[in-house]
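This report concerns only the one structure given below.
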Amino acid sequence: MEEDKVLCLPRLSQVAVCGGTHGNELSGVYLVRELLKAKKNVTKQEDEEEEAVPLLMVLSHPLQQCFRYIDTDLNRCFTHASLSGPMSGMTPYEIIRARQLNTMLGPKGSHGAVDLVCDLHNTTANMGLCLITYSDCDWICLHIFRHLQANIPLRYIHFDVSNKESYSLDSVGKHGFAMEIGPQPHGVVRSNIYMAMKAGVQHMLDWVQSFNSGSTFEEGFVDVFTMVKHIDYPRDSETRTITAAIHPQLQDQDFCLLRPGGPLFQTFSGETLRYKGDEPLYPFFINECAYYEKGIALSLARKRQVMCKGIVWPLRYIHNA
Amino acid sequence: MSFYSNSARFNEARRVAVFGGTHGNEMSGVTLVNLWMKNSAEIQRKGVETKPFITNPKAVDTCTRYVDMDLNRAFTPENLSAPGGDDLPYEVQRAQEINRMFGPKGSPEAYDVIFDLHNTTSNMGCTLILESSKDHFNLQMMTYIKKAIAPDTCLVLLNEHPLLKYSTTRSVAKHPVGLEVGPQPQGVLRSNIFEAMRVIIKHALDFIQLFNEGMEFPPCTVEVFQVSERIDYPRDANGNIIAMVHPSLQDCDWEPLNPGDPMFQTFDGKTIHYQGSSTIYPTFINEAAYYEKQQAFVITRRETLVASAIRKA
């Protein structure tokens, strides 16, 4: 391949895998615990072989007792504004924890930040495996996606949020994404979901090792789902309690195209409420437990193809230097 | 005149309650009871006072299972008579209040029937929970419900195990009925689960009305799944879980588990097999709330009970 068609990118010198950012999303909690255990065992055996991928495993929320959060959602505490500013005795636990994580893995936006953050999550929605990022042109993330997709069905979700406004843990690294798998109830570990997440992380690490060995990754297309809007439940105007549930024909139909007029909700008196938008869009995070309090019954995305450029870490240039 | 020589006589069921929110994050019951508190037309039957009631409002507000302790374990004689008022755990205070309003437990003044609405993350479908194999009124009601919803199914779980039985919110009534519908994640409202629960309550109330009007229900057999043992996750020396419910067992509530069948899968993929000596019927497989109660699933045995004919006194 001609060199000008392939972007030269720096080696990924450190990767962080984080679990338990939401304390009741158990796949990540257990996977990181197991990875930490395995690392301890390797060290015990005094294995002199250098680590294939320099890997930092982080339990984001070590005090967590199987709740999503204690004071506030940790995964919304990583904006530049939240990470700076004064602290007091009243500062929520998660804001303090976010700053500790920023010191450990960042600082966000700086030269010293880890190269890649993979933050593990579960959802009650029937989304299968997804990578969720802020960018549709981060070639590292896109190539990791392409590599995983060769082995596992998954989708690429893009939230078009600027670096300034990005709020989640994965935004601390130079590159980052959330690895989201569902459906799994919060507080439960399902073996099929756990094994899928374990395989996803392993394939990601395999790709990083391959990239760091100087392999070239050719250009190719990726289907990207870009979030367009959220839809809330219908609510009682006084009490704000919901007055309808996700329609049975929409329940579990994540990424099945929702057309104008398609069923959205079923009221408790049996009436169907329909999608009034003009544009057919792809629903996801349908009936995610944690989003009731955020006013989101489902999110809607537009799908488009993105051309992912070829990339390489130019090992041969270093050898020839 | 009775058609059956040994009809058991029961007083008319005049006072009935439907409880939701005993666990604040089990959304079908919370939603149904709130709906019926606003407009109770759907649950009214001639000659019956049916009261919808949210049993754990603080847990409902925070969408958590409980505040201090599990309300559905709180109705022990010790708790119900404990002094201390405001110093008591929230759920003990609630238990005493509920016992005053709907009991006292074990007395003639207690409510006739209480339905307590629950959800589970387990794939149990619709399950009616019975606390006594000798409650012929409940056995007949459950038979009626099963016939009414056919071909849809509703199984009966009997828990009268001396050690595993627990003091439920509904136990203040003369005839306590648990209704458990799953699978549904905590904090989530699924339309199909909600409607299934609603239909069962409808049929249950129809039964009560028919009974009160003098209908006689013939003797019948009732298949039940009787709780016999609780199985915990394999754990390490620190109490951490070291294996998950095996994919072959996950979602297979009520299906036979034979000796040698896969039961758990360790995090590195090894299978742990069921070592018991006979076929059992597991349920409550992988219920979120039971991790802290050291329960991966419950073992049940299939039994057939005989329900006497019943009619009103």
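Including glycine, each Cβ sits where the backbone N, Cα and C put it.
For A:Glu180 (active site, proton donor/acceptor), the Cβ neighbour count at a 10 Å cut-off comes to 26, with all displayed protein chains included. A strand conformation is recorded for A:Glu180 (active site, proton donor/acceptor) in the three-state DSSP classification. The active site, proton donor/acceptor annotation in TrEMBL covers A:Glu180.
Long-range Cβ contacts of A:His22 (Zn(2+) binding site) within its own chain (separation 6+, distance under 8 Å): A:His61, A:Arg68, A:Tyr69, A:Asp73, A:Leu74, A:Asn75, A:His121, A:Asn122, A:His186, A:Ala290. Under the heading Zn(2+) binding site, TrEMBL lists A:His22, A:Glu25, A:His121.
Feature annotation from TrEMBL assigns domain 'Succinylglutamate desuccinylase/Aspartoacylase catalytic' to A:13-206.
Restricting the average to the domain 'AstE/AspA barrel-sandwich hybrid' (A:222-303) gives a pLDDT of 97. Taken from TrEMBL, the feature domain 'AstE/AspA barrel-sandwich hybrid' applies to A:222-303.
Long-range Cβ proximity for A:Glu25 (Zn(2+) binding site), meaning a same-chain Cβ under 8 A and a gap of 6 or more residues, is found for A:Arg68, A:Leu120, A:His121, A:Asn122, A:Thr123, A:Gln184, A:His186. Using a 10 Å Cβ-Cβ cutoff, A:His121 (Zn(2+) binding site) registers 25 neighbours.
One way to see the shell of the Zn(2+) site is to take the Cβ centroid of A:His22, A:Glu25, A:His121; the remaining same-chain residues with a Cβ within 8 Å of it are A:Gly20, A:Thr21, A:Asn24, A:Gly28, A:Arg68, A:Asn75, A:Leu120, A:Asn122, A:Thr123, A:Glu180, A:His186. In terms of DSSP helix, strand and coil, the domain 'AstE/AspA barrel-sandwich hybrid' (A:222-303) has 3 helix, 34 strand, 45 coil.
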